[in-house]
Amino acid sequence: MQSILVLTLVVLAFSCTLARKETVKQQWSLWKNAHNKRYSNNEEHLRRAIWTSNLKIVEEHNLQADLGVHTYWLGMNKYADLTVDEFVKVLNGFNSTMQKEHSQNRQKFTSDPNIELPDTVDWRDKGDVVHVKDQGQCGSCWAFSAVGSIETAYAIKTGKLVSLSEQQLVDCSGPFGNMGCQGGLMDAAFEYIEKAGGIEAEDAYPYRAVGKTCVFNTSDVVVKVCGFTDIASKDEAALQQAVATIGPISVAIDAGHTSFQLYKNGVYSEPACSPTQLDHGVLAIGYGTDSGKDYWLVKNSWGVSWGDEGYIKMTRNKNNQCAASILYRWNTTGITVAGASNGSTGTADNLLLNPYGTALGSSDSLYIADFNNNRIQKWMINASNGTTVAGLSNATAGASSIALNIPVSVVLDSNDNMYFTDRNNHRVVYWANGASSGTTIAGILGTPGSTNDTLCGPCGIARDSSTGTLYIADTFNHRIMQYLLNASSGTVVAGGNGPGSNITQLAFPYGFTFDSPSNSLFIANYPNNNIVRWVLGASSWTLVIGSPTGLSGSTSTLLNNPVGITLDPMGNIYVADSGNHRIQFFFAGQSNGTTIAGVTGSSGISQSQLNYPYWVIVDNQLNLYVSDTSNNRVQFFSHS
């Protein structure tokens with residue numbers, strides 16, 4: 001009886017599998033017909049495989065949503081035959097790297113905390129929002145976002161709802177930095193319209209979903225733009241007030257996820273969504289609360305078959321998830337916060353001599369490895385003088401518990417106790433907060449070596465705050481050492497195979513950082529002109545930024561003697577590209593950078609220039625602190 005029962009179950013299971021396959025086949029056929037999809041035989045095999053994978057994602061997600069795990073549902077829309085990478089490449093055309101250039105010094109929207117705002121806003125209710133449009137297979141989302149805000153502003157002012165021309169922006173705004181179907185920026189679109197004298201109606205200049213020769217006719221202008229303003233980065237309260245009191249607002253978001261690609265309805269909340277990796281321009285037309293979940297009401301440009309008839313509710317008041325109100329940009333004019341702004345050197349407490357590593361301490365304090373003054377200086381923000389907290393204040397080099405010889409970098413624990421590399425003494429020193437002397441905790445004072453308990457010219461240092469483990473750039477041994485808490489010797493965790501450009505080697509690693517979420521080290525290979533990632537436990541690195549062969553350069557993808565490196569909480573990378581006299585910013589996972597401080601290839605002493613910057617750190621507001629080493633000062637660049 002038992003064997004018969006087992007056989008029956010097997011037959012039933014096999015029958016269910018056949019039925020499932022037949023159902024999927026029918027669904028595939030129905031979906032193709034519904035979305036008018038036609039493929040060659042070879043392409044159909046690929047597209048069906050992708051579609052089947054997405055179907056599984058949709059079914060599993062929606063089952064969990066029905067059980068209350070998620071607050072939104074997915075659907076097999078017209079993009080279900082694309083991988084997420086294909087989807088992003090074709091449709092998401094917001095160019096975040098252009099933002100700094102087009103937003104510098106522009107007036108910001110000022111919110112008024114005394115204004116009482118409605119709980120819910122939806123500008124469609126007032127008849128001021130043009131129908132949902134479809135950008136097609138063209139990365140022109142930026143144009144639809146810009147046009148959408150102008151359309152509604154015009155409707156609110158005149159009572160006339162007119163569909164305006166995205167194609168004019170695709171064809172004509174290139175001189176302002178936009179690249180048609182390859183991407184662009186709403187700010188650049190607004191600037192173009194303002195300078196060109198206006199924008200035509202959709203009827204006069206219809207959309208083609210492909211870049212064409214500009215045929216703008218001033219006699220057909222319907223709307224002129226006299227000016228525009230930005231909303232402060234990360235300020236959801238200001239965005240809410242602007243949407244409520246002014247009208248729909250052009251915003252940038254992270255739409256690079258399968259969950260966004262296949263969104264159907266509900267309040268979209270994606271844990272992987274980034275507030276910084278912005279790739280899609282949309283229009284915020286309202287806000288509200290649904291089943292206790294605050295949301296932004298967002299108009300997309302992928303047609304009415306996507307999402308909730310072309311719209312999406314995106315989570316609001318959740319740490320600016322998906323970045324409806326954040327853009328990355330910095331003031332390019334620095335402020336000297338330590339040392340002399342004119343580059344003067346000396347041993348006085350208001351001067352520095354080739355500052356290197358820095359660390360932010362409590363109570364607005366900045367700790368600086370005053371490299372050639374053989375001391376660590378503590379500088380209170382906005383103070384005119386520093387205080388020597390390790391080493392001798394008169395800059396005398398030494399090899400003792402109170403004297404240092406070329407300190408390079410410093411890290412702090414939660415109590416502002418210091419851990420720093422004392423390069424020419426070939427050691428790492430622990431110096432308790434307020435103490436008058438330090439203790440050697442790695443290496444042997446004055447004794448260079450390459451064994452596990454010795455160091456040779458250590459430079460960079462990082463600390464895992466959760467375990468107390470130290471990571472030390474044993475620079476002249478071309479390796480990174482790991483010292484567990486209270487250990488007397490270390491372990492090689494990266495390099496150690498002599499200097500070189502092979503993936504198992506490092507070459508004079510000065511700066512690096514430990515990334516706890518990925519359990520890896522991001523290392524600046526100084527003479528190899530690259531940044532590499534070495535996962536702890538791995539035997540080799542993977543290239544992150546720069547050339548794999550050591551090629552130097554000054555383009556957006558190359559480096560020239562990188563020294564300091566840091567990551568922000570979103571995993572974006574900041575590099576002190578010393579030989580190019582600049583600080584480079586790289587979105588996580590990208591190798592094409594943007595200069596955010598300094599002038600590429602041009603050293604100088606002005607507040608907008610740097611001279612061999614060796615170190616960079618960011619605070620929790622993404623403000624930059626840069627060791628402008630050959631200018632003997634530390635510069636502050638505010639995030640705006």
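Note: Cβ is positioned from N, Cα and C throughout, glycine not excepted.
Caution: TrEMBL annotation is automatic and unverified by curators.
Features of the protein shown, as given by TrEMBL:
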- 1-19: signal peptide (SIGNAL)
- 28-87: domain 'Cathepsin propeptide inhibitor' (DOMAIN)
- 117-330: domain 'Peptidase C1A papain C-terminal' (DOMAIN)
- 442-486: repeat 'NHL' (REPEAT)
- 559-589: repeat 'NHL' (REPEAT)
- 597-640: repeat 'NHL' (REPEAT)
Helix, strand and coil counts within the repeat 'NHL' (442-486) (DSSP): 3 helix, 19 strand, 23 coil
Residues in the domain 'Cathepsin propeptide inhibitor' (28-87) grouped by DSSP into helix, strand and remaining coil: 37 helix, 3 strand, 20 coil
Sequence-remote partners of the repeat 'NHL' (597-640) [C-beta within less than 8 Å, at least six residues beyond its ends]: 103, 233, 328-345, 351-360, 366, 368, 371, 379, 409, 510-511, 554, 563-566, 568-569, 574-583
Residue numbers, six or more beyond the limits of the repeat 'NHL' (442-486), whose CB comes under 8 Å of its CB atoms: 357, 399, 408-411, 413-414, 419-428, 492-500, 505-514, 516, 521, 523, 534, 536
Counts of helix, strand and coil residues, the repeat 'NHL' (597-640), according to DSSP: 3 helix, 23 strand, 18 coil
Integer mean pLDDT for the repeat 'NHL' (597-640): 94
